[in-house]
Amino acid sequence: MARGILTIFLLQLSWTVHLVTAIQRKDIFPYGTPNGDFILQNGDDETSKVLALKRPLYFYEAQFNELYVATNGIISAQDLPMEKQYVDDGFPTDFPVIAPFLSDIDTSKGKGAIYYRVTESPTLLNRVAHEVHRGFPDARFTPTHAIIATWENVAAYEEIARDAGQSDRLNTFQAVVAYDENNSYAIFLYPEDGLQFFGTRPKESYNVEIELPARVGFSRGEVAFLIFSRVEGPYYSVTNNEQSLKNLYQVGNTGVPGVWLFHIGSRYSFQNVVPASTGGALSTTAEYPEAEYTAPFEEEEELEEGDYSPITDPDFHSPAIPEFHVNSHPDRGALPGHARLQPYGGDLPLTSNPQYRDHDNIDTPTLVSGPSGPAEYPDRVPDPRNRPHPPPLEEVQPQAEAPQAVPRPEHTALEVFPYTREENSPRLESSPPLAPGGGHIVDVEHQNIESITSPNVSFFPSVIRYSTETKRTCAVFQQQCSQNAYCTDYPAGFCCHCRTGFYGNGWQCLPDGAPHRVNGKVSGTVIVGSTPVYLNSVDLHAYIVVSDGRAYTAISEVPENVGWALMPVAPIGEIFGWLFAMELPSGQAGFKITGAEFTRHAEVTFYPGNQKLTIVQTAQGLNSDNYMTVDTRLHGNVPFIAAGSTVQVEPYKDTYQYYPSVVTSASVREFTVVSAERGSETFTFQLRQNITYRDCHHGPRTGPETLQLTTERVFVMYVRDENILRYAITNKISSVGEETSEPVLVNPCYAGTHDCDTTAQCLPGEGQQYLCQCATGYRGDGRNCYDVDECVEGLSQCGPHTQCVNLPGTHSCHCQCCTFGQMFYTIACCALDIDECRSQPCHPQATCTNTLGSFQCQCQPTFQGDGFQTSEDITEPSDLTDCEHHRDSVQTTSPEGYPIVGAFVPQCDEHGQYRDLQCHGSTGHCWCVDNRGQERAGTRKAPGAGQPNCNEPEVLPPTQRPDTVCERWRASLVDHYGGKPEPQHYLPQCDREGQFNPVQCYGDSSYCWCVDRDGREVAGTRSHDVVKPACIPTVAPPTMHPLPRPDMTPPPSGTFLLYAQGQQIGALPLKGTHMDLERSSTLLALHGSIVVGIDYDCREGKVYWTDLAGRTINRAKMEPGAEPETLINTGLTSPEGLAVDVQRRAMFWVDSTPDKIERANLDGSGRKTIFDTDLVNPRAIIVDSSTGTLYWTDWNREAPKIESSSVDGHNRKVLVKDGIGLPNALTFDTVMRHVCWADAGTKRLECIASDGTGRRVIHSNLNYPFSMVFYSNHFYFTDWRRDGVIALNRDNSQFTDEYIPDQRSHLYGVTVATTHCL
């Protein structure tokens, strides 16, 4: 027996010796001058020259374009202070630091060398990528640049006077920082025997024999908070004592001792550094001082299950399905009547309500809860507030059985700032925040840390240390909430809640009832039969009518062989149906739970072929347009479906289980494939999915436990001509079993048969009664709603130094830069200010003044005090001068007696008057003042720029422009109304330049009309409708310099759309019928113009347009360098629509002020008037060259109409006069021979035959169309609500594409330019 024990001991010892072998010096990254390295100057406190990066690097959440390498074992993103300000202090530092070994290092007198370089070597970048993918298997990382810094044989600083002589202990270590456009990673390498000293003695230790251990980790440094404040940023420490430093080369987190890998920054949401998850070898012979080691928590068998959740939180997103296997036991932990939550990897029976079965015959590892014994993944995810408390650590007895390791669901990380918990509460949260790539961030207490076991590695408290933090409160972190949310403090932290009129999870909130759009990319590999097909970031667009629960998803550029096969995979678009499902009385749409940041893992198994397809969808928040961004990755096999087949998916119901941070479901679907070869065939597939999200566990839980998603209609289609895959799904969500199969009358709101606008909510009443209410951010009667421009109407929540940007149903506040001297505080600018004065915090005899991020209380006259406590001022009147009053009133100390930094105290002369020269003691700025103490413009000088000469005569500032007619008229009416105009009163609305806004309204009513540049009303434009008239500005914006060349820059050959956008004409190439957004360009820049009407002469390749500001008609050849040619510049007032008759070589246009239609030859000759009677507001005009017929619209608000005549003015007749409102856009369908129009009043796109018969609605849910053209079964129209070009398929009435120019402004005319005449 003894011999056997000895044998086992020797065997284990041999394993130990093998495991602790660290990386060798020859195996670290190549360095030295032969590899192009720079050498840092020898010394005790040296810093390299700036390393200018070709691309910015993300460190934490911030971008940096420069790096510095320093003697003392660090890399910084800014120039370093003197070493005494940081080298002897612990973490965190007050400047950005990457620290492989921060200590007082000295390379004087040839004691080692420090090498550094920036490299783009493919060999080295491939090696980095390999290391990152090994440590972060799900990372999508292709490094473009790397910074390599190597400290070779460097010594610790030692005082010359020390008797012991200089030490021969030298250290060698290396840091590699690699990054791409989205993420940054750092690798620390410590070769075997590379660390011989582990700390340094402080320079000012006053003969006290102490040694400070080196620091290893990362620090973000101080970050700006509010205006004049800075707060400690996040940081991450890897070591905390000498033993943990020795572990650096004995342990690793990449599987190789001495090699440490960390995710250190991302352009997306990033909370703190995340270590790799592969694990490394830990010496089992390493000794830890008993006082420093706390045994990890070990579960007893009788402990209730569910103390640890394998579900990841989606603050960071993983693109891959987690593969981990479990031993499941159906008798443990399942909810009665519900399926268990199971991580992917196990098998499910083919049932609609599956139960997990045993896997006793499958060789699957189990999760260990500590080094003493195994534990299983929980059968269900518990609420973290309802878990049992762990037993006391001293009661835990070690077990003899060795632990079994299991791959964790994702890489595990440790959070630097743990949430505050009650005493003795469990330390492992069931809904921890995620690390990039989908891994856990497990909260760790300051003193007791639980071991986290992965293959071949355990982390101990002496290796990794984390800081603690006080409770997070709304006072500091409310800016994390949506601007449409409020923040609430709870005992354990804060939570965000959407305000009334908005819905979401508090971090993201959307306006109630408003339609929503989703944009994203689809990537991955799908094997059809045996043929792999690659999807390389093809576009995904979804449009959701929230009020009806209708979700339309389109994926473009899908290869044909996979397009047919993916038709049954409606679950790709199903996520949008669940997020925005129509809510029955007890239902709750998914977006209210997850918000716009989540990760969805789904597995689709097809039967009978058993093909499996995994779907991973990562939502990355709301973009600048307030739309959600979702990236989709597909991987696996799908059954082959013959080209030309149709697929019908039967309606279904799916039960969703809700837990903290995760939603899960499992169901079976049936679909039918109809093909010419095989007829009708019915198949099934099983869908299992987990949706993980960020959950605020501080507040009370009010969400559901189980809900039922009812999908009533599913439409799938692959469009071969356009390579577009489409899914259309109608969803309702309710409690399980709420709907009944009996035929009963259902309220139209729930049945979807109401006539409310798509931007309205249907509010059910009794029986069949209901009310239509415009969505939040919209106005109207509920049948017709239009967007409220919160920015123009002063309804925004944007604070000072922010720019308000209107969005559909809401608005956003974009940060502008705040300048204080030479300092910039962009974070403070972006803050949404809270008006504390509303809560009346000051004394009743004091005045409250709100400021950015704070407020001030000031005593009223005859009272004195600090504003919070006041008393009546009984002092005698003072004979102090203004300067002395100013000087003495400045508060230089806080109520607690601390000095206030930054306060300006004016300087007075011996007579009490302001000195001519004033300087700020804190900033160093100086300036001249007048006798009132007011700064003289242009005299301010920055520190180091000398003092201004205040004896020079004052230069008067340039005179301001005089008030315009609009501004003078507005001021006089304000006086007329006694300075307080009522909402019903009329005040002229002027733009920034003082010109009349083209639309004028009475107060906040819908009584509006158009005006010309002089403010005169345009006849026939008055409207009492909720849809404002489509008025066009007549004054061009001010000229901006430098001006671009006003000559032609045509796109490459092919077919493209031409659109007018005020002062320019843009070109948008077409690939088939798909708009090529990436190749859009400016065709002509026309400063001082307002281009409205536009058309194209396909015979000569020339573009024609009307200029409303210049009152001209122009043309230009579509050739490089061609310049505009003015054809007509007299007798025009408001030229709008324009049409070119290619066959007759003529052009026609409408003039909306004199209300007439004219024509001329294409060179401008032969001009004559065709009609000047019975016209009120003519706008669009087209010509059918084949028949010689003109068509035009008249949007007279009293009697709108569409008319036609021959090109010579004969046979005039009204084509349409009923059921139209604002017929802005007009085009001709050359295939169907129909006249088609888009109406901004009725929001419909309709067509009719030239004889007035066969009228039909193509689409009934437009926004605000202005102009339209037809090409190859598609309508392309400009939209004033979206400020873009939208494509609509005539045959299926579906939106197929959208183009929004980078520069947002109204788009006017649109036409198509083809290579030959159609």
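Here the Cβ of each residue, glycine as well, is placed from N, Cα and C on the backbone.
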Annotated stretch (region 'Disordered', per TrEMBL) among the listed ranges 870-892, 939-961: 939-961
TrEMBL annotation, disulfide partner of CYS926 among CYS908, CYS919: CYS919
Disulphide partner cysteine [TrEMBL] for CYS1008, chosen from CYS1001, CYS1010: CYS1001
Two-stretch contact, the domain 'Thyroglobulin type-1' (963-1031) and the domain 'Nidogen G2 beta-barrel' (514-743), at least three Cβ pairs under 8 Å: no
Model confidence over the domain 'EGF-like' (833-869), averaged pLDDT: 69
CYS1008 (disulfide bond) versus CYS926 (disulfide bond) - Cα distance in angstrom: 52
Nearest-integer angstrom distance between the alpha carbons (Cα) of CYS1008 (disulfide bond) and CYS919 (disulfide bond): 53
Folded-back contacts onto the repeat 'LDL-receptor class B' (1101-1144), same chain, C-beta under 8 angstroms, at least six residues removed: 1012, 1032-1036, 1046-1050, 1058, 1060, 1065, 1083-1084, 1086, 1088-1095, 1150-1154, 1160, 1162-1164, 1167, 1178-1183, 1185-1186, 1188, 1190, 1192-1193, 1207, 1226, 1309, 1313, 1317
CYS1008 (disulfide bond): tally of other CB atoms within 10 A of its CB: 20
Residues from the same chain, set at least six apart from the ends of the domain 'EGF-like' (745-786), whose C-beta lies under 8 A from its own: 501-502, 511-515, 545-550, 582, 584, 730, 732, 808-811, 1006, 1025-1028, 1241, 1243, 1261, 1264, 1281
Other CB atoms, at most 10 A from the CB of CYS919 (disulfide bond): 15
Rounded Cα-Cα span from CYS919 (disulfide bond) to CYS1001 (disulfide bond), Å: 50
Count of other CB atoms lying within 10 Å of the CB belonging to CYS926 (disulfide bond): 19
